[in-house]
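**Student:** Below are the features listed in TrEMBL for this protein:
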type	residues	note
TRANSMEM	120-138	transmembrane segment
TRANSMEM	145-169	transmembrane segment
TRANSMEM	181-201	transmembrane segment
TRANSMEM	213-233	transmembrane segment
TRANSMEM	349-368	transmembrane segment
TRANSMEM	374-393	transmembrane segment
TRANSMEM	405-426	transmembrane segment
TRANSMEM	438-459	transmembrane segment
Amino acid sequence: MSSSDASIEKRGADHDVVESHDVDVAAQLVAGSDMAVDPAEANRVKRKIDLRILPLMCILYLMQFADKTTLGQSAVLGILKDAHLGQNQFDWLSTVFYLAFLGFQLPQNYALQRFPVGKWVSLNIFVWSIALLCHAAAKSFGTLLVCRFFLGIAEGAITPGFMLVTSMFYTRAEQTRRVGYWFLMNGTAIIFLGLVAYGTLHITNSALAPWQWLMIITGIITFITAILFWVFFPDSPTTANFLTQEERVVAIERIKVNQAGVENKHLKREQIVEVFKDPKTYLFFFFAAISNVTNSLSNQRQIIVAEFGFSEIDTTLLGCVDGLAEIIWIFIGTMGASYWPHGRAYMCSLHYLVAILGAILVTTLPWSDKVGLLFSYWIAINEIVPFVIFLAWVGSVTAGHTKRVTTNAIVMVGYAVGNAVGPQYWQAKYQPRNRVPWAILAACWAASMFILLATRFYLARENKRRDREARDTTYDDVYVADEKGEEKKVDKAFLDLTDMQNRDFRYVL
C-alpha cells in the first residue's frame with residue numbers, strides 16, 4: 001500500500017483489511033460478490049433509473065435556468081422602469097448572483113458530501129423558490145440585489161449535485177448523454193419562459209406588473225419542484241427506495257466499469273491535497289472560468305434581440321426560437337460526443353469555431369439586416385454545448401469521492417468567476433452594435449477551445465504512460481469487515497481510490 005493508505009488500513013493475516021468508513025458506500029453491498037450482471041437485466045435497471053431520476057432532473061434544471069434568466073426576460077417586461085434600474089445596476093444584479101454562487105460554492109460542495117445529496121438539493125430548491133417569490137415584492141436595486149444574492153447561494157448546490165448523481169448512477173459512456181438531457185432543459189426553459197412572459201403581457205386590470213407575475217409563476221413552480229424532489233429523488237443507488245435490494249446490486253455492478261465507485265461520506269484530506277497536485281484541475285478551472293465569461297449572453301439575449309429592431313412582443317416570442325436553437329445545438333453536440341470515440345474535445349472545438357463565426361457575422365453584417373443578425377446570433381449561442389460536454393467529462397475522469405467533490409467545487413468556482421465577470425462588459429456605451437462585447441466573446445471561445453485540446457493531450461499522454469507501466473497489484477487483495485466481523489473481498493472500483501492512485505483507471509477522451 002502507498003504511504004497515503006497506511007493510516008486507513010490494517011494488515012490481516014495474508015491480506016489487507018480496510019475500515020468500512022474508508023471505502024465506498026457500495027462496498028458492503030457488493031463485497032465478496034463475483035456477480036456477473038446479465039446485460040438485459042442491467043438495461044432494465046438502467047431504464048428504471050432513467051424513468052425515476054431523469055424527469056426530476058430535467059424539471060429542476062428547466063426551473064433553474066428559467067429562474068436564473070427571469071431577470072433578462074423581465075428587462076423587456078418593465079423591471080428596468082419599475083425598479084429604476086440603469087444598465088450598470090442591471091448588470092450588477094447578474095454579477096451578484098454569481099458572487100453569491102462563488103462565495104458559497106465550497107460550503108455547498110462540502111454539504112453535498114456530508115449530507116444525503118437528494119435531501120440537500122431539495123432544501124436548496126425550497127430556499128431559492130422563496131428568494132424568487134420575493135423578487136415580485138422588490139422594487140429597488142437594493143432589494144433586488146438581496147434577492148439575487150440568496151438565489152445564487154441556493155442554486156450553487158444544483159449543478160455539482162447533479163454531477164455527483166450522474167456519476168453515481170451511470171457509466172462513463174452514458175454520462176455525456178445524460179448531462180445533455182438535463183442541459184436540454186436550458187433551451188426548453190427559454191421557450192417556457194418566453195411563453196409565460198408573453199402571457200403576462202396580456203394580464204390586464206392587475207395591480208401587478210408583467211415581470212412580477214413572471215416571478216410569482218416561476219416561484220410557485222419551483223416550490224412544487226422542491227416538494228417533489230424531497231419525496232421522490234434518491235440520494236444514491238445504495239439507498240434508492242424505488243429499487244429492490246437485488247436491483248441496487250445490479251445498479252452498482254453496472255458502474256464498476258467506471259473504477260470510481262458511488263460515494264463516501266468521510267472527508268479525506270489526502271484526496272483534497274491530490275486535487276491541487278493534479279495538473280488537470282487547473283485546466284478544468286481555467287476552462288470553466290474563461291468559457292463562462294460568455295454566459296452573460298443568457299441575460300442579455302432579450303436586450304440584444306430588441307436592439308436588432310424587433311418590437312417588445314416580437315422579442316418575447318423570438319426568445320422561444322432561441323430556446324429551440326439551443327435544444328438543437330445541445331442535442332447535436334452531446335449525441336456527437338457520445339458516438340465519437342475519444343472525440344469530446346474535438347466536438348467542443350467544432351462548436352466553438354461555429355460560435356466564433358456567429359460573432360463575426362453579428363459584428364460585420366449591415367445593421368439594417370435584422371434577420372441576418374438574428375440568425376447569426378442563433379449560430380453564436382451554440383457556444384453552450386462545449387460546457388455541457390465538459391461537465392460530463394469532469395465526472396468521468398475524476399475518481400475518489402472527496403476528490404470528485406473538491407474538483408466539482410473548483411470547476412463551479414471557475415464557473416462563478418466567469419459568470420460574475422461576464423455582465424460587466426455589456427456596457428451602455430457599446431450599444432447597440434456591441435462590437436467590443438462580441439470581440440470578447442470570440443476571444444474567450446478561442447481560448448476555451450485551446451484549453452480543451454490541451455486537456456485532451458495531457459490525458460492521452462497519461463493513458464499511454466499507464467499502458468507502459470507494469471500492472472499495479474497493490475489493491476487486488478483488499479477486504480472489508482461487515483457488521484458481524486466477517487471479512488469480504490472488495491473490488492478495487494469500490495475502495496474509494498482516486499484516479500491517480502488506481503493505475504487501472506484510464507481517462508476517457
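Positions of Cβ are set from backbone N, Cα and C atoms, glycine also.
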**Student:** Sort out the residues at least 6 away from either end of the transmembrane segment (181-201), same chain, that have Cβ-Cβ distances under 8 Å to it, and list them.
**Tutor:** 54, 57-66, 69-70, 73, 76-77, 162, 210-211, 213-214, 217-218, 312-313, 316-320, 322-328, 330-331, 334, 384, 388, 391
**Student:** Out of 145-169, 213-233, 349-368, 438-459, what stretch is closest in contact terms to the transmembrane segment (405-426), meaning most Cβ pairs under 8 angstroms?
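**Tutor:** Result: 145-169.
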**Student:** Which one, 213-233, 349-368, 374-393, has the most C-beta pairs under 8 Å toward the transmembrane segment (438-459)?
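**Tutor:** Stretch with maximum Cβ contacts: 349-368.
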